[in-house]
Amino acid sequence: MERENQTGERNFLLLGFTEDSDLQSFFFGLLLSMYLVTITGNLLIIVAIISDPHLHMPMYLFLSNLSIADIGFTSTTIPKVLQNIHTQSKFISFSGCITQIFFFIVFGCLDNLLLSVMAYDRFVAICHPLHYVVIMNSCFCAMLALGSWIVSVMSSLPETLTVLRLSFCTNMEIPHFFCDLPEVLKLACSDTLVNNIVTYSITIVIAGFPFSGILLSYSKIFSSILRIPSAGGKYKAFSTCGSHLLVVLLFYSNGLGVYLSSAATSSSRMSLVASLMYSIVTPMLNPFIYSLRNKDMQKALGKLLRKIMLLGEGTIAGLP
């Protein structure tokens, strides 16, 4: 199936979740609710960190960047899905598809790198507490955050630009709810060897090295915690990294599920479910994980919500 838009640009067809109109309405409500919860939760985290001076520390700097990445990650795909369901149109332009691929990779890489940086932050805090302020100074932390953004963009560019060299067959149907790079490459008529080499090389570097860094950091952390004599001391030390560890497990288990489902089975339905978990469920749960397990974040969010409520009451009281 080959379709062109009014400018002559070829369109891809996103098959999405289902053809059933009733189920489409269900998915529209479900995805819209999850998207709004994701945006609201992560925005509250960002605003709480900015507004509370007690949270102006390295860990919360990285957390605010992670929340920005999560907002970008879900906003890359979900609004287009909602638009397609609402308009009963499954088409996405070639340029729109390339844009989705670029930003999906950018924010996916950024999540990965920030989780690695946060693991290093927890390693320094627990294993070298006396040198924490010196090592994790503001300049170094800013460089780590900025470097994560730069590396993410530079990693996404080769994977995205190499798609532009491909020619595509008449079948432009993508069995997904967004332009997933592996699915797009399957539609190409030209040789995709260069694309596969670039994709696997970057994936090994961007996913492999940060994940190895996380494993190394936590091996050192657990080793230090086990040497603490008191049970209370062990609990206090572990509680400082428990939220991050839970987010890491959620992120990598869902990411692994996406690739295992696509490699182990030809069923696009399994791949859709795994991708949905990876692209929206994980970013939606992250604010809850950090706020429920972090007393400082709970206090900051409480103050922020009280300010919002007072502001709302003042606005209502001022109405004629």
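Every residue, even glycine, has its Cβ placed from backbone N, Cα and C.
What TrEMBL says about a protein is an automatic prediction, not a curated fact.
What TrEMBL says about this one:
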| type | residues | note |
| --- | --- | --- |
| DOMAIN | 41-290 | domain 'G-protein coupled receptors family 1 profile' |
| TRANSMEM | 26-50 | transmembrane segment |
| TRANSMEM | 98-120 | transmembrane segment |
| TRANSMEM | 132-151 | transmembrane segment |
| TRANSMEM | 197-216 | transmembrane segment |
| TRANSMEM | 237-260 | transmembrane segment |
| TRANSMEM | 272-292 | transmembrane segment |
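With a threshold of 8 Å between CB atoms, the same-chain residues lying at least 6 positions outside the transmembrane segment (272-292) that come near it are 17, 31, 34-35, 37-38, 41-42, 44-45, 63, 66-67, 70-71, 73-74, 77-78, 104, 175-178, 180, 243, 246-247, 250-251, 254-255, 257-258, 260-262, 298, 301.
When Cβ-Cβ distances below 8 Å are used as the criterion, the transmembrane segment (26-50) is approached by residues 16-18, 56, 60-61, 63-64, 67-68, 70-71, 74-75, 78-79, 81-82, 85-86, 280-281, 283-284, 286-288, 290-291, 297, 300-301, 303-305 of the same chain, each at least six residues removed from its ends.
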